[in-house]
Amino acid sequence: MLWPLLLLALWAWPSAQAGDQDEDTAFDLFSISNINRKTIGAKQFRGPDPSVPAYRFVRFDYIPPVSAEHLGRITEAMRRKEGFFLTASMKQDRRSRGTLLALEGPGATHRQFEIVSNGPADTLDLTYWVDGTQHVISLEDVGLADSQWKNVTVQVTGETYSLYVGCDLMDSFALDEPFYEHLQTERSRMYVTKGAARESHFRGLLQNVYLVFENSVEDLLSKKGCQQSQGAETNAISENTETLHLSPMVTMEHVGPSAEKSPEVCEHSCEELGSMIRELSGLHVIVNQLHENLRKVSNDNQFLWELIGGPPKTRNVSACWQDGRFFAENETWVVDSCTKCTCKKFKTVCHQISCPPATCADPWFVEGECCPSCVHDGEEGWSPWAEWTECSATCGSGTQQRGRSCDVTSNTCLGPSIQTRACSLGRCDHRIRQDGGWSHWSPWSSCSVTCGVGNVTRIRLCNSPVPQMGGRSCKGSGRETKACQGPPCPVDGRWSPWSPWSACTVTCAGGIRERTRVCNSPEPQHGGKDCVGGAKEQQMCNRKSCPIDGCLSNPCFPGAECSSFPDGSWSCGSCPGGFLGNGTHCEDLDECAVVTDVCFATSKAHRCVNTNPGYHCLPCPPRYKGNQPFGVGLEAARTEKQVCEPENPCKDKTHSCHRHAECIYLGHFSDPMYKCECQTGYAGDGLICGEDSDLDGWPNKNLVCATNATYHCVKDNCPLLPNSGQEDFDKDGIGDACDDDDDNDGVSDEKDNCQLLFNPRQFDYDKDEVGDRCDNCPYVHNPAQIDTDNNGEGDACSVDIDGDDVFNERDNCPYVYNTDQRDTDGDGVGDHCDNCPLVHNPDQTDVDNDLVGDQCDNNEDIDEDGHQNNQDNCPHIPNANQADHDRDGQGDACDSDDDNDGIPDDRDNCRLVANPDQEDSDGDRRGDACKDDFDNDSIPDIDDVCPENNAISETDFRNFQMVHLDPKGTTQIDPNWVIRHQGKELVQTANSDPGIAVGFDEFGSVDFSGTFYVNTDRDDDYAGFVFGYQSSSRFYVVMWKQVTQTYWEDQPTRAYGYSGVSLKVVNSTTGTGEHLRNALWHTGNTEGQVRTLWHDPKNIGWKDYTAYRWHLTHRPKTGYIRVLVHEGKQVMADSGPIYDQTYAGGRLGLFVFSQEMVYFSDLKYECRDV
């Protein structure tokens, strides 16, 4: 009665335990994640615990995370309890690897910790991060991924990381850091089964997944039913392994939506159960003692029976006791192979078996047989007999069998392969109940058929032993049948159906036709009979007389069809393909003349060759590829025409660029047709590329490039700081950008007043912090050192600043070279520098910084290309670059003859260079006048950044317009720009108001790229670049903030700047000033000022001392904009396609806002106008 109560109490423990739990000591992860049968991708199964479902997940992108409220309570419990326990019932797919639990965030790809069951390695891995460092701890030989249900307990408490499977400790390890003290909940998510990547999701079934916060692992395992070695009573119960098997399985009350409590099952108190266990322990000891005493008594009885000749019940019965067994009167048994014994009146009488004399010269002794035997001729080839099997009955009469084998391919093999004999292991006691037992199977019968597939049968009897005293009969069948395969049966052949009659051999005067059949339905097999009859049959056909044939004289042109009539007349059909005529007389057809576009045409002669008959095309011209059709007749010429396409090694993968380089197709007119540029993160000549850590276009190590191709193949002299110009004044191998003393004069650059000129004495007469040896005005204070005419004499002390031989006081354009001093509007400002040359405006004010004075600026621009209508050379067609190669006042975009050579653009082989003769020596459809230099600017197309605009040939920001976006007030100073690398690198050194350094080159479609680097850790604000600049009120800007921050001036509008890359379009109604300033700082839209087109949702800010590479693609015609930002070789931010047609092009520039020491290096712009 005690055992059922004990089992009932242990079964009821999980429910009682769940009810006793504090609401923050156990969390049902499925419940607080809202995972149920309605969850997409979650499939329900039956697990070890029938009261709750088990789940398998197949769509991990739909798995919901733990609710934010419960996640906060969980992390607080982890800190309070110094860790946690994870319990679950799991059935993991064999040799799979998957995540059990993970805490992801705050970033989209960052994980604070995760627990992974690694099947291939047979480990349970704990991965966590502390202070940006990853820690991985693996428990080995855990045996979880074997497709078997396991009840696991994972302990992560204090400095311990352990795994228990059931009640057994599998492995344990010490934690390096108590990571659970540093977990963050804001913007974090906790997932069950969801891995960081697709291949690390958990594959298998999970049930009862809980996070538990107990005081110790012993308490938790004890509540799960595991016995601890703490006393004799516990040992007494656990030793009896047959009494009770506990399957550790915890069912806990989840913390989440309320569920109905399971009813109480156990009505006994813990004291009553403890008393039962103590009573059972005592009973166990008593039973063991009784069992030992019974064994001793049995041994004594055995000894007494041997002394008195049998047990008391058999003393008056005639029987014998031999070798511990009873034998009935006259019962005979075999003691060994040559001795037989018989029971005679309580006595055992034994005698030797006598053997007859052998009848052969070479008798054969068989093991287990007393007498020798002779091998008969028919038994040649047989193997020796095998050992006899054990007796089929444990008492009474049974049978034994043995077998042998024979090679039937070379022997007759007469005689049986199996022998059976009777055996007896003692008389059965008929006074006891006995179940029946099967005898050995009989040999298989012969096959039921002589050919084909039949059956063989064997039987057995339920007599070893026979059931008695109500014993059970034998289970199973006494007959067994299986298929047998005889030799194949013969198949007689049969004919297939007759084939159709063949055509008659003649059309008249009698001919023969025939038909055939085949003996294959079926064909004869296995000795079957062949088909009877013939395989071919013939009969006469077309017996009528033949008419007179007028075509026998071949009156028609060869190839034309001739038709004959019964009266002897005839007619000719049409001429064959490639000929013209009436069928009797035909002449060659010139397909080339009729179908003029059958072959590819160039500026030279037609490439079609007429033949008799037919035509063919010449091969495609050099640097083209395509087909070379040929044929006969107009239909062929109109159907298949020659198509020759320009060769494109980049598309055909026939280029020789490096695997880390991009192949750029220049056109089939260029020689070479492509160029190679190393990808971001690499540098070199494109044929060879090496790693480039600072993204300035120079490799970390010297590269072995092609002969004389040293540019971008020499080792970077500042490998960790962008310096695309590689300036090295003192030639010491260390670039000026990272050299503390550029001129080697012993004075560090920070203190040197002539950083690039040896002057250890540091004389500075005018106290402008520029040493006398390098001061272009040593006696006049001019720290800016501006020298407009680049003659070595600064503007501050020059009498002719622009070098036009007109002194400053008489020069109406003192900063612009103008020897003619023309001043059309008479305002004292020369036409060369007058922003309104036809309107009197001596003050030259230009509020919107669009280079057009306010007096003549009407801002009417119908095509939105940045040029007002009365100054636009194509006012109705967007052409921001205003290209006009024939200088006729009409822009190329709306001029049908750009070079004014009398050849329309659509037929001109040099559209931008006048060549009325259209000379093309190599016949490649590119005129000789513009071969390899399409815009005739003396820069080869392969090196020209704008090969179709002679006004722009290379990237150059040496001349730029400084635009101050908040020119009033003293919040900060204006930007200070330092020019390097012939205008391909600019450095902004000041912590300034928002400002732009915008170049003067204008673009429609453009690609703009550069390297971004902040060489300080003192600030965290904005920097970036502008494109489509038309005025200080109208432009696009890409700006990047390091950290999220509210602008310190909250008037006129509140401005919140979020970290990350932003793409904005500025269309300000107020222009420069505090309104535009705050709108630029703000991440979002500000009405009448700025609209945000895209902000990187990852909110990744730039890092100090880290090189980034941006790439802008802008196609104003469609509005396509895309911004890519690389960190090293990897893409950090990608806007994807953004479409906006606010502006149809403009100028390019660089942007800063309150950020100092910003490097813009290796700048590159390329025109993409077609």
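Cβ coordinates are placed from backbone N, Cα and C, and glycine is handled just like the others.
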Identify the disulfide partner of Cys836 as annotated in Swiss-Prot; candidates are Cys833, Cys856.
Cys856
Cys406, Cys484, Cys489: which one closes the disulfide with Cys447 in Swiss-Prot?
Cys484
From the disulfide entries in Swiss-Prot, identify which of Cys663, Cys676, Cys678 pairs with Cys650.
Cys663
Residues sitting near the region 'Disordered' (731-750): Cβ under 8 Å, six or more positions beyond its termini, same chain?
716-718, 720-723, 756-760, 762
DSSP residue counts for the repeat 'TSP type-3 8' (919-954), split into helix, strand and coil
3 helix, 0 strand, 33 coil
The region 'Disordered' (731-750) resolves under DSSP into 0 helix, 0 strand, 20 coil
